[in-house]
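Peer 1: Per TrEMBL, the features are:
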type: ACT_SITE; residues: Asp274; note: active site, 4-aspartylphosphate intermediate
type: BINDING; residues: Asp274, Lys275, Thr276, Glu396, Phe438, Lys462, Arg491, Thr571, Gly572, Asp573, Arg653, Lys659, Asn682, Asp683; note: ATP binding site
type: BINDING; residues: Asp274, Thr276, Asp679, Asp683; note: Mg(2+) binding site
type: COMPBIAS; residues: 312-336; note: compositional bias 'Polar residues'
type: DOMAIN; residues: 30-164; note: domain 'P-type ATPase A'
type: DOMAIN; residues: 706-933; note: domain 'P-type ATPase C-terminal'
type: REGION; residues: 312-343; note: region 'Disordered'
type: TRANSMEM; residues: 189-208; note: transmembrane segment
type: TRANSMEM; residues: 214-234; note: transmembrane segment
type: TRANSMEM; residues: 740-762; note: transmembrane segment
type: TRANSMEM; residues: 768-788; note: transmembrane segment
type: TRANSMEM; residues: 818-838; note: transmembrane segment
type: TRANSMEM; residues: 844-865; note: transmembrane segment
type: TRANSMEM; residues: 872-892; note: transmembrane segment
type: TRANSMEM; residues: 898-924; note: transmembrane segment
Amino acid sequence: MREAIDEFRRFQRDKEVNSQLYSKLTVRGKVQVKSSDIQVGDLIIVEKNQRIPSDMVFLRTSEKAGSCFIRTDQLDGETDWKLKVAVSCTQRLPALGDLFSINAYVYAQKPQLDIHSFEGTFTREDSDPPIHESLSIENTLWASTVVASGTIIGVVIYTGKETRSVMNTSNPKNKVGLLDLELNQLTKALFLALVALSVVMVTLQGFSGPWYRSLFRFLLLFSYIIPISLRVNLDMGKAAYGWMIMKDENIPGTVVRTSTIPEELGRLVYLLTDKTGTLTRNEMVFKRLHLGTVSYGTDTMDEIQNQLMNSYSQTQPQASGNNASSTPPRKAQSSAPKVRKSVSSRVHEAVKAVALCHNVTPVYEARGAAGETEFTEADQDFSDDNRTYQASSPDEVALVQWTESVGLTLVNRDLTSMQLRTPSGQILTYCILQTFPFTSESKRMGVIVRDESTAEITFYMKGADVAMSTVVQYNDWLEEECGNMAREGLRTLVVAKRALTDEQYQDFENRYNQAKLSIHDRTLKVAAVVESLEREMELLCLTGVEDQLQTDVRPTLEMLRNAGLKIWMLTGDKLETATCIAKSSHLVSRTQDTHVFRPVTSRGEAHLELNAFRRKHDCALVISGDSLEVCLKYYEHEFVELACQCPAVVCCRCAPTQKAHIVKLLQQHTGRRTCAIGDGGNDVSMIQAADCGIGIEGKEGRQASLAADFSVSQFKHIGRLLVVHGRSSYKRSAALSQFVMHRGLIISTMQAVFSSVFYFASVPLYQGFLMVGYATVYTMFPVFSLVLDQDVKPEMAMLYPELYKDLTKGRSLSCKTFLVWVLISIYQGGILMFGALVLFESEFVHVVAISFTALVLTELLMVALTVRTWHWLMAVAELLSLGCYVASLAFLNQYFDVPFIMTMTFVWKVSAITVVSCLPLYILKYLKRKLSPPSYSKLSS
């Protein structure tokens, strides 16, 4: 029933997404369609900030450049924007309606998993000759991404299960908690005990007469051994835990979506977390500029501003004079001797380099609706508060925003030029001659610009310290400062420049164009030509940008580590960034070494690298997705075994399905419980594969939080969710389930003793309402009130997360504790029955009255014995049940002799039997707590 409600809620949420409206372009104009009704071949219009409903080929955009940005965080977890290019044949058409006047078709490959590749062609047949355009990944718009600029029109190529995003999510399994599996085993054992007991009884009877009839009668008499009410009690308990989690004021916004596994939160050993948006906020902030002799932090940025103001106010008149002459004179700068520059000129150069060397485009929001006219440049507002920057990496945006804050503003950029505004409001124009984009191999990006006012040509470059240290002139500070910044958790970029003469540039351009036209080894030849420029560059500065961590990530990770969890970070991000965040978030503690697993491609390399790693002790592992693939292909068992010994593991460049694969590997090899935490669509597979999935409602949308079992609003809430709620849910369920078993066993023991005394007759001891009342009105409330029990206060559990470690061993519900409860049941059942028979009065009806009253009292006292911390509702439940029993004695005169119950004899006999059955257990519990107290009692005392 509860699962059905969970499923229905999910169905409603899906329906909400599927019924979003989109504009479809038809010959008769625009019509509105639901996203679930979109079909292959439809022309769909998607507005800015709207989700793309299905996989499309990008035909046309309202942007003048014929390109647009999309946000892909729901697909690959990367929050930087991707540039997509419209098919030029359709982009060139004068108006929207012309799409229907041409005769063209799109060929697309069959649906595939890989989100980073696509092959197709666009053919227009009615032109002469026919136009063929090849389509690649940059012409596609995958479903679940969001349009970040302009309005776009695309033709649908894949829908439904064929879209890339759906193919990359695995089917969710039905999750069953470990506690439920353990209880299933115990229930099977109890069933065997029931059959064995019945067979023993029939054997002792001597198989006389129709023995199989007696066997079935015994099976029915002892059927109370099987705790049928256990499922009901547990399910009500789970609902109660879910309600407590959602009502906890310390973790507001937490939602329990799968109400069947709250106890899993108390048994976790492996915690697998995403990085971007989960541990970090994905907000980049510029923190430091280092010039070698002087370093500027956040508090000294105003000095940079003053120095820029000064240097630009000096150069201004000279620049305007240059502008007047028809041929700008060329400065003979390269031949001048190198003089040590003043700090202010070095600051000026550094800031200018940061403002020019990037791939950022400023975008201005149009005022008012642009109506049907597609390109309305005139009504755009170029004021400062209207400008937003767009780039494929948030680091670059942070750098450009910083140059704006110190006074040098990027105001305009297109494919061939860039405009900067100085602090005094003058506009500087630079012509972009070449750009060399960032690649993961080169780890650097460069740009060659010509200053329009002085005609100077400069080659600017920035990149990772590893890539740049060999390119810049000799210096003694770069390596050390990079290390210092990395230890602070900053992402570093080295910025350098080189002045070029016209001849040098012309020579370079010729060689570069030749290399670009070569057919064999094109990439190598192009790289070689660019490298000829990357020599003896002048080192300008080192920048440090911080990716801000979520609030309280460090203490939360610290607490989880102390609680005995092993934390793995699985991210789609770059290796350097991942390592950097692992250190700054204290995922890897400061004293620990990190072992970066070298890229491996073959079995032999993997073998050598695993051996190298085996020699290291207590060291965190950093490995990339492709190397991981190779290791798992050849040495799966060895790799998992080594990785599980590490205090922390970081996997970077992970695909969504790879994340899920890692979770499954850990489950298979270690048999321990895993928990996955993420916030984007690329984490859904991992969340569904884990034993317990937690989604964070973040910037990357709600896809992960909707697919998860638990949804939290901030990462820091996870600590309390596991250490307090997970722990108490597990301990309470363990106590509750064992008590329900005890309740059935004790009455079955009494039945067995009774039958044995009366020549193994299959006659029931208690009949009718007594049996019904025993499991419901008389004992249900006190037993269920165990879900309110707690051994330590939440504050204590948070302060000493080590208490959580004990739970992973599963000692609260094990064969040992189960056998103890069985022995208690047999002892108490025996005492109650024998006591009633020893103190047996003249009539049999008295035995029933005495033993049943003693039994109810014993159950109520046993609940009191099990409770660790009293709650007022527990006391109410105990008194209520006792009151119900006393009140019902008056009505049950067919079972009880009412005048006899009023006598003192009845009272003292019941009291005597109850004391004998319960007192020894109280004494034993007291001695156990004195001699070997559990870890929590040491804290609460």
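For all residues, glycine too, the Cβ spot is worked out from N, Cα and C.
Keep in mind that what you see is a predicted model, and the values were worked out from it rather than measured.
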Peer 1: Expressed to the nearest Å, what is the distance separating Asp679 (Mg(2+) binding site) and the residue listed as 'active site, 4-aspartylphosphate intermediate' at their Cα atoms?
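Peer 2: Each residue's Cα considered, Asp679 (Mg(2+) binding site) and the residue listed as 'active site, 4-aspartylphosphate intermediate' end up 8 Å apart.
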Peer 1: Quick one: do the transmembrane segment (768-788) and the transmembrane segment (189-208) reach 3+ CB pairs under 8 Å, ignoring pairs fewer than 6 apart in sequence?
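Peer 2: Not in contact, no.
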Peer 1: By DSSP assignment, list the helix, strand and coil residue numbers for the domain 'P-type ATPase A' (30-164), in that order.
Peer 2: 23 helix, 53 strand, 59 coil
Peer 1: Can at least 3 Cβ pairs under 8 A be found between the transmembrane segment (818-838) and the transmembrane segment (872-892), with each pair 6 or more apart in sequence?
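Peer 2: As far as Cβ distances go (cut-off 8 Å, pairs 6 or more apart), the transmembrane segment (818-838) and the transmembrane segment (872-892) do not touch.
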Peer 1: Note down the number of other Cβ atoms within 10 Å of the Cβ of Thr276 (ATP binding site), including every protein chain shown.
Peer 2: 29
Peer 1: For the C-alpha pair, I'd like the distance in angstrom between the residue listed as 'active site, 4-aspartylphosphate intermediate' and Asp683 (Mg(2+) binding site), rounded off.
Peer 2: 7
Peer 1: Mind checking which residues of the chain, 6+ beyond the ends of the transmembrane segment (898-924), have their Cβ under 8 Å from one of its Cβ atoms?
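Peer 2: Same-chain residues near the transmembrane segment (898-924) but 6 or more away: 824, 827-828, 831-832, 835-836, 839, 841, 845-846, 849-851, 853-854, 857-858, 861-862, 865, 889-890.
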Peer 1: Considering the recorded positions Asp274, Asn682, which residue's Cβ sits among the greatest number of other Cβ atoms within 10 Å?
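Peer 2: Neighbour-count leader: Asn682.
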Peer 1: Against which stretches of its own chain does the transmembrane segment (844-865) lie, if we need a Cβ under 8 Å and a gap of at least six residues from its ends?
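Peer 2: 739, 742-743, 746-747, 750, 765-766, 770, 774, 778-779, 782-783, 785-786, 828, 832-833, 835-837, 874, 878, 881-882, 885, 895-897, 900-901, 906, 909-910, 913-914, 917-918, 921-922, 925.
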Peer 1: Taking only the Cα atoms, work out how far Arg491 (ATP binding site) lies from Asp683 (Mg(2+) binding site), in Å, as a whole number.
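Peer 2: Between the Cα atoms of Arg491 (ATP binding site) and Asp683 (Mg(2+) binding site), the distance comes to 24 Å.
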Peer 1: Which residues of the same chain, at least 6 past either end of the transmembrane segment (872-892), have a Cβ under 8 Å from a Cβ in it?
Peer 2: 769-770, 773, 777-782, 784-785, 788-789, 853, 856, 860, 863-864, 898, 901
Peer 1: Could you measure between Phe438 (ATP binding site) and Asp683 (Mg(2+) binding site) for me? Cα positions, answer in whole angstrom.
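Peer 2: Cα-Cα distance, Phe438 (ATP binding site) to Asp683 (Mg(2+) binding site): 26 Å.
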Peer 1: Taking just the CA atoms, what is the gap between Asp683 (Mg(2+) binding site) and Gly572 (ATP binding site) in Å?
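Peer 2: Taking the Cα atoms only, Asp683 (Mg(2+) binding site) lies 10 Å from Gly572 (ATP binding site).
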Peer 1: Output the one of Arg491, Arg653 that, of all these binding-site residues, has the highest number of other Cβ atoms within 10 Å of its Cβ.
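Peer 2: Selected residue: Arg491.
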Peer 1: I'd like the Cβ neighbour count for Phe438 (ATP binding site), meaning other Cβ atoms within 10 Å of its Cβ, all protein chains included.
Peer 2: 18
